[in-house]
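So that you can see what the record holds, here are the features copied from TrEMBL:
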{"type": "BINDING", "residues": "N133, N134, G135, G136, D137, G202, F203, S204, F205, H206, G207, A208, D240", "note": "(6S)-NADPHX binding site"}
{"type": "BINDING", "residues": "N134, D198, S243", "note": "K(+) binding site"}
{"type": "DOMAIN", "residues": "83-299", "note": "domain 'YjeF N-terminal'"}
{"type": "SIGNAL", "residues": "1-15", "note": "signal peptide"}
Amino acid sequence: MTCLLFSQLLPSALTHNLHNAPSICKSSRSLYHPLVKKYWGSTCAISLPRIRSFASNSSVEATRVMQSMTSPVSISYLTQREAAEIDEILMGPLGFSVNQLMELAGLSVATSIAEVYKPSEFNRVLAICGPGNNGGDGLVAVRHLHHFGYKPFVCYPKRTAKPLYTGLVTQLESLAVPFLTVGDLPSDLSKDFDILVDAMFGFSFHGAPRPPFDDLIQKLVYLHECNQTRQKSSVIVSVDIPSGWNVEEGDVAGEGIKPDMLVSLTAPKLCAKKFSGPHHFLGGRFVPPSIVEKYKLHLPPYPGTSMCVRIGKPPQIDISALRENYISPEFLEEQVEANPIDQFRKWFDDAVAAGLKEPNAMCLSTVGQDGKPSSRMVLLKGIDKDGFVWCTNYESRKAHQLSENPGASLLFYWDGLNRQVRVEGSVQKVSDKESEQYFHSRPRGSQIGAIISKQSTIVPGRHVLYQQFKELEEKFSDVNLIPKPKSWGGYKLKPDLFEFWQGQQSRLHDRLQYTPQEINGRQVWTIVRLAP
């Protein structure tokens, strides 16, 4: 939806939809451990806006071919030979370099991790990297994880001397990412790390792992066994293949790594059918249509601009255990603006700068004569010194309630910043001139949609709306200015209370409330702190 203002424009960045990848949080975890403190100094996790995943749009044909359910049963699985052939084609006639594929693979791993394990909860990451391409994917993932707000460490015991790999090491060293020897690692990895990234061996590996990787694999096996008896545990993320598994047959002896997350690259390998952990993702959004068709691949479509897609359903979650341990800067009385409108603008600008999706979305709550409240999400379309503006149908349920009771409240929630703002006040219609001005700034499709929608009334079916839309499209095809319906226009809420909320650790949230008070014939805003 586009966002224009009446008396003042919102930032132009809001004229396009912004997309974020959702995040799922787990239980709060302590960061105060000696190994982390030794290398990083401060052990406080950094609160960042949600990670924004990105990729170029795939072609229409690729999207058509790749449409599929995300059920593991309907997904294609590659043999070891097919995986090798696809790599050769990608880096041969299709013109990809190993550098490109490694960068895309590592980014896919990092975004998959960020989808499930938030840096505020699972902050300390150890990537165990092997000497081949799988290890390179792990090194790239570490770089991205660092920029995503995690505190990564690397164990890279058999370094590869090729420029590609030495360059990746140099990049991580420039970010002050610590490199640990095998001897530096504790016997129980869970004491110092929240996430263990298994990037030792990929699909080209044959035979039995040799030192020191055999012992490193056993550390991960032991970690899984210990996790069964702990209330809080570290998680294992395997890159493409759980190290030590047979690429096609999986964990044959049943004594190998049992990862919590598997990030398959390009397409899942046959061994992924034996994966029983809660989180299976596909990454590497670079498979062209020619390969999809040649190998008759059935791969799930990637959502939006994401670099990863979940395979299968997410695990069942205990709703009562879902909680966030917010980590935010202090929000103090002496730091805020004297006028709440100015403070709102400041926070709103932060939400826009953070790239949050539709920061102008707000929950509007109204109550009619019957005393029954109702709420719905609407979009802020303007703000000035007198209040907040949105537009709607004047015959909708909310409009009828506002005609009976002009008192209403707005709620803005900016998850990525751990912030929300509550505004209460009285509502009145804006002038016809303002409504007309905004109506004609909307796309023609939105204008026609506003005309055909008798909001909150019963519709026989969606086909009725399509038919009416088509008829009006034809009717107004030669009309430059579509007339605004009388039943459509703007409302403005004039605030008499603001509350600014910022999440903090241990539920000790900041709540600052503004209320108007007349002093010496002049209205000023009084600021008080409320208990969380």
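Using N, Cα and C of the backbone, Cβ positions are placed for all residues, glycine too.
No curator has checked TrEMBL annotations; they are predicted automatically.
Structural mapping of features recorded in TrEMBL.
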residue: N133; record: (6S)-NADPHX binding site; Cβ within 10 Å: 24
residue: N134; record: K(+) binding site; Cβ within 10 Å: 25
residue: G135; record: (6S)-NADPHX binding site; Cβ within 10 Å: 27
residue: D137; record: (6S)-NADPHX binding site; Cβ within 10 Å: 33
residue: D198; record: K(+) binding site; Cβ within 10 Å: 28
residue: F203; record: (6S)-NADPHX binding site; Cβ within 10 Å: 25
residue: F205; record: (6S)-NADPHX binding site; Cβ within 10 Å: 20
residue: G207; record: (6S)-NADPHX binding site; Cβ within 10 Å: 6
residue: D240; record: (6S)-NADPHX binding site; Cβ within 10 Å: 29
residue: S243; record: K(+) binding site; Cβ within 10 Å: 25
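In the predicted structure, the domain 'YjeF N-terminal' (83-299) carries a mean pLDDT of 94. Taking the centroid of the Cβ atoms of N134, D198, S243 as the K(+) site, the other same-chain residues with Cβ within 8 Å of it are I128, G130, G135, G138, A199, M200, F201, G202, S238, V239, D240, I241, P242. Considering only the residues assigned to (6S)-NADPHX binding, N133, N134, G135, G136, D137, G202, F203, S204, F205, H206, G207, A208, D240, the longest pairwise Cα distance works out to 21 Å. Here the CA atom of N134 (K(+) binding site) lies 9 Å from the CA atom of F203 ((6S)-NADPHX binding site). Ranking the binding-site residues N133, D137, F205, G207 by Cα distance from D198 (K(+) binding site) puts D137 first. Of the recorded residues, D240 ((6S)-NADPHX binding site) and N134 (K(+) binding site) place their C-alpha atoms 8 Å from one another.
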